[in-house]
Amino acid sequence: MDYFNYQEDGQLWAEQVPLADLANQYGTPLYVYSRATLERHWHAFDKSVGDYPHLICYAVKANSNLGVLNTLARLGSGFDIVSVGELERVLAAGGDPSKVVFSGVGKTEAEMKRALQLKIKCFNVESEPELQRLNKVAGELGVKAPISLRINPDVDAKTHPYISTGLRDNKFGITFDRAAQVYRLAHSLPNLDVHGIDCHIGSQLTALAPFIDATDRLLALIDSLKAEGIHIRHLDVGGGLGVVYRDELPPQPSEYAKALLDRLERHRDLELIFEPGRAIAANAGVLVTKVEFLKHTEHKNFAIIDAAMNDLIRPALYQAWQDIIPLRPRQGEAQTYDLVGPVCETSDFLGKDRDLVLQEGDLLAVRSSGAYGFTMSSNYNTRPRVAEVMVDGNKTYLVRQREELSSLWALESVLPE
């Protein structure tokens, strides 16, 4: 459930604020987030496991705005990061580094050093060379690095190939066949402390079976490691739980948690870590855009809008479908439109074959844009990145200013005469 709904006046509201008012105040394109929705989705995970020892580590990559991170930090959230930049964002937003897990296949020595100095919860290590590097950096600092190995369980997540991460052909993690051997190596290195086991098989999963298959494989590995004297303290099941974009029927966090807890009856000493990103942020945000022109040809009707693929790349990159609805629905006969932006690429579209009643100047909302929206945006075609607003009841906060054109080349210089 989210808090973007049509009210009695016929307008689309974010909590207690008409979205049209925000468009008029802050301009378009504009990302709008709902604090109540973010909190509701986070609590859905937190409450689903009851009093079982657990930590919710929000995946910063989904939406890294400081206002979003601070909202979750106030709830007690941990964070899943993949760069030192994301780590510094968490700190700037008031996050607790002791609740941070550091994922990613290419951690640099400088990133490792900074994370160790801040005493993060755990490094999710993805290769043997990374183990050796982390052991070296930790030794130079005179500390032990807490580590978990990201295991690739070779489970087909049955999602888009670009967001599938748990197959042996993917770059992520350590293959299941070699997992025990790499754990032995980690256990033998003097500056590492083996804490956990981790996996993340993909994103936007709409069935429980892949999660459960992966978990069963990890629990079997935990048992075999214990027999060798390697004791695993936490199970990090990653993220990936899907959301409703169109007509998907993803499991609820409560269903997911129940299935996991049923399997953890024999492992009550394991802390459970979740890394949800999309499931918390996606439906907590919309992208508001304006219709600039209606272009009719013999073969197609185009609604040319002021938002483009540089603002929201998911439709172009993943062929993703996101609902696009008017802020003020009109009466009349709908026509079928492709909704396209101003960028000079044929792939610059946010929706195709949408039945809408439109006029130039109308305002539209691209739903489910709170995750992998702004964080994947760019300045392609020298377009300033858009503003972001957080709605909290009847109050609104500009949590990111729209970029000024001059800022786009402020770090550049021309050659001397």
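Our numbering is plain: 1 for the first residue shown, then up by one each step along the chain.
Heads up, the Cβ atoms here are built off N, Cα and C, so glycines get one too.
Positions annotated as active site, proton donor by Swiss-Prot: C344. Here Swiss-Prot flags G240, E275, P276, G277, R278, Y372 as pyridoxal 5'-phosphate binding site, drawing on similarity to another entry. Swiss-Prot lists R278, R314, Y318, E345, Y372 with the feature substrate binding site, giving similarity to another entry as the kind of evidence. Under the heading N6-(pyridoxal phosphate)lysine, Swiss-Prot lists K61, citing similarity to another entry as support.
Swiss-Prot feature annotations superimposed on the structure.
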residue	record	CB count, 10 Å
K61	N6-(pyridoxal phosphate)lysine	21
G240	pyridoxal 5'-phosphate binding site	30
E275	pyridoxal 5'-phosphate binding site	27
P276	pyridoxal 5'-phosphate binding site	26
G277	pyridoxal 5'-phosphate binding site	25
R278	pyridoxal 5'-phosphate binding site	27
R314	substrate binding site	21
C344	active site, proton donor	9
E345	substrate binding site	14
Y372	pyridoxal 5'-phosphate binding site	25
Other residues near the pyridoxal 5'-phosphate site, CB within 8 A of the CB centroid of G240, E275, P276, G277, R278, Y372? A59, K61, A62, S203, G239, L241, A279, I280, A281, A371
Structural state of R278 (pyridoxal 5'-phosphate binding site), classified by DSSP into three states: helix
Other CB atoms within 10 A, centred on Y318 (substrate binding site): 16
Recorded positions K61, R314, Y318, E345 vs G240 (pyridoxal 5'-phosphate binding site), shortest C-alpha separation belongs to K61
Going by Cα-Cα distance, pick out whichever of the recorded positions E275, G277, R278, C344 is nearest to R314 (substrate binding site). R278
Which ones, of the recorded positions K61, Y318, C344, E345, have a Cα no more than 10 Å from the Cα of Y372 (pyridoxal 5'-phosphate binding site)? K61
Proximal residue to P276 (pyridoxal 5'-phosphate binding site) among recorded positions K61, Y318, C344, E345 (C-alpha distance): K61
G277 (pyridoxal 5'-phosphate binding site) and Y318 (substrate binding site), compared by Cα position, are separated in whole Å by 17
Work out how many Å separate E345 (substrate binding site) and the residue listed as 'N6-(pyridoxal phosphate)lysine' at their Cα atoms, rounded off. 26
Secondary structure at R314 (substrate binding site), reduced by DSSP to three states: helix
Rounded Cα separation (Å) that holds between R278 (pyridoxal 5'-phosphate binding site) and K61 (N6-(pyridoxal phosphate)lysine): 9
Can you give me the Cα-Cα distance between K61 (N6-(pyridoxal phosphate)lysine) and C344 (active site, proton donor) in Å, rounded to a whole number? 27
Give the distance between the Cα atoms of E275 (pyridoxal 5'-phosphate binding site) and the residue listed as 'active site, proton donor', rounded to the nearest whole Å. 36
